[in-house]
Amino acid sequence: MKISNSHQKGEVKILFIKDKKISQLTKTQKDTLSLLGFEGIGNIFIPENKTFVIGIDKSLQDFPNTLRDSLAQAIMSLKKLKIKSISLEAQSLQEIKEICEGILLGNYTFDTFKNEKNKSNLKEVYIHAPTLDKKAVDSLIAQIQIIANSVNTTRELINTPPMEATPEYIVNFVKNLSKEIGFECKVHNTQFLEKEKMGAFLAVSKASCHNPYLVHLTYKPKTSKKSNLKKFVFVGKGLTYDCGGLSLKPSDYMTTMKADKSGACAVIGIVDSLARLGIEAEIHGILGLTENMIGGNAYKPDDILIARNGKSIEVRNTDAEGRLVLADCLSYASDLKPDFLIDLATLTGACVVALGDYTMGIMGYNPKLKEDFLKIASSAGELGGILPFNPYLKKLYKSEVADLCNIPSSRYGSAITAGMFLGEFVAESLLQKWLHLDIAGPAYVEKSWGVNPFGATGAGVRACIEFVKQKA
Ligand code: BES
Ligand code: ZN
Ligand code: ZN
């Protein structure tokens, strides 16, 4: 799909109606809409005028995703028609940003395995912006194209079934990407994990027939005007499959667990965009890639693991594996002494219970950092909710036989206790610089919503890119 800043007329014109104000329509258009029972809210196509009307609900006008979502929904309908080009008008750069995001994200579809492809006929979008600076509009469109491509790359990786998207597959994918764009990609294998004494990560990977990898991506700008580059480290949970291990998941809960690699795939998308944008910051991406499986060699409830930072962990449930992999990855990441340390993980079902499908949990020890992230995520089109840590919860993951237990003694607040557990593996000097994002809800949804078609959404990618852009 090509979006250009041009006066060219598309085959179909997109018209926005805010607050049911249909006064801008011609009499024939009004008559057709009234005949179709359209009352000013929702999308409708008027074939004889070749006009696609997007009616924006007044109650949603202040919701930051309204324009993006309407465009995405419009694209999902339009691409099924035999229309090759559309045109629309925009009044501000912010509007252009939201319009482009809606179009490019709404146009994604995962049909690799379908014989009948969901082919889109729509190829060209012309945006008329006579009142805006042409250079600024062109550069903005180019930026949004990069970011939307990264979100779609993340979605594609997550959607790829677990028989194909193994840890090795992700490694090869990101190796090729790093060569194409020019960032560093170090792949660490089992021997490295053993040398680093990553006993928690290694335990999770034991029963899988696929080798685990810790991948370390690094991007640094080739030249920079800044003397002091900020360092951002992103850590991603990359369980290419989570069947629960010996604490096996019931079948209904096992499906969709190919998406348990969403954190790592989001980190790939984040580094991809920031490198392509040539951002003036040092960016690291740490991926913890493995599978949580069953077998004679599987780690067990009752095992006691020693993590990289020396803390011992009693395993009481092998399905709480993400925090074990991340424990060692966060300890490794702490050594990089970042200015910001952010982990992304489909960590707990409890976070979905707390916030619902569409919202990521934002956790950490620094109130301002959490608030800042929440605001930035929202401006980037992603929903977040802060789940507060408190010292009373700490006793819930105490163990009688080890320093910590991998599950809390109460299920209440267990998105928070999982987050606090992760904090035990972040260097103390970095706790104020650390954020934990639980993306279990929004990363993969089995229905289309907002700018997202069925399946993987790329949750966290846009929010983190915007965060770096604002904090670098
Ligand atoms: N990968 C799951 C969490 C998850 C659940 C992600 C639903 C996406 C959707 C995680 O590894 C897990 O199984 N967590 C357990 C923890 C429990 C055993 C303490 C959970 O949330 O039930
Ligand atoms: Zn699990
Ligand atoms: Zn998991």
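From the backbone N, Cα and C atoms, a Cβ is placed for every residue, glycine too.
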Key: Record-annotated Mn(2+) 1 site (TrEMBL): member among ASP242, ASP252, ASP403, ASP438 besides ASP319, GLU321   = ASP242
Ask   = Which of ASP260, ASP328, ASP335 shares the Mn(2+) 2 site with LYS237, ASP242, GLU321 per TrEMBL?
value = ASP260
Request  = Restricting to the domain 'Cytosol aminopeptidase' (317-324), report the mean pLDDT as a whole number.
outcome  = 99
Task = Determine, from DSSP, whether ASP242 (Mn(2+) 2 binding site) sits in helix, strand or coil.
result = strand
Listed recorded positions with Cβ under 6 Å from ligand 2, out of LYS237, LYS249, ASP319, GLU321 = ASP319, GLU321
Inquiry  = Suppose the Mn(2+) 2 site is LYS237, ASP242, ASP260, GLU321. Which further residues of the same chain have a Cβ inside 8 angstroms of that site's Cβ centroid?
reply    = LEU239, MET257, LYS261, ASN292, GLY322, VAL325, ALA345, THR346
Inquiry  = With Cβ-Cβ distances below 8 Å as the criterion, list the same-chain residues six or more beyond the ends of the domain 'Cytosol aminopeptidase' (317-324) that contact it, or say none.
reply    = 200-201, 203-204, 237, 239, 242, 244-249, 260, 292, 298-301, 305, 307, 345-347, 406-407, 418, 421-422
Inquiry  = Just to verify a number: CA distance, LYS237 (Mn(2+) 2 binding site) to ASP319 (Mn(2+) 1 binding site), in angstrom, no decimals.
reply    = 14
Between ARG323 (active site) and ASP260 (Mn(2+) 2 binding site), the C-alpha gap once rounded to whole angstrom = 12
Remark   = For ASP242 (Mn(2+) 2 binding site) and ASP319 (Mn(2+) 1 binding site), the CA-to-CA distance in whole Å is 8
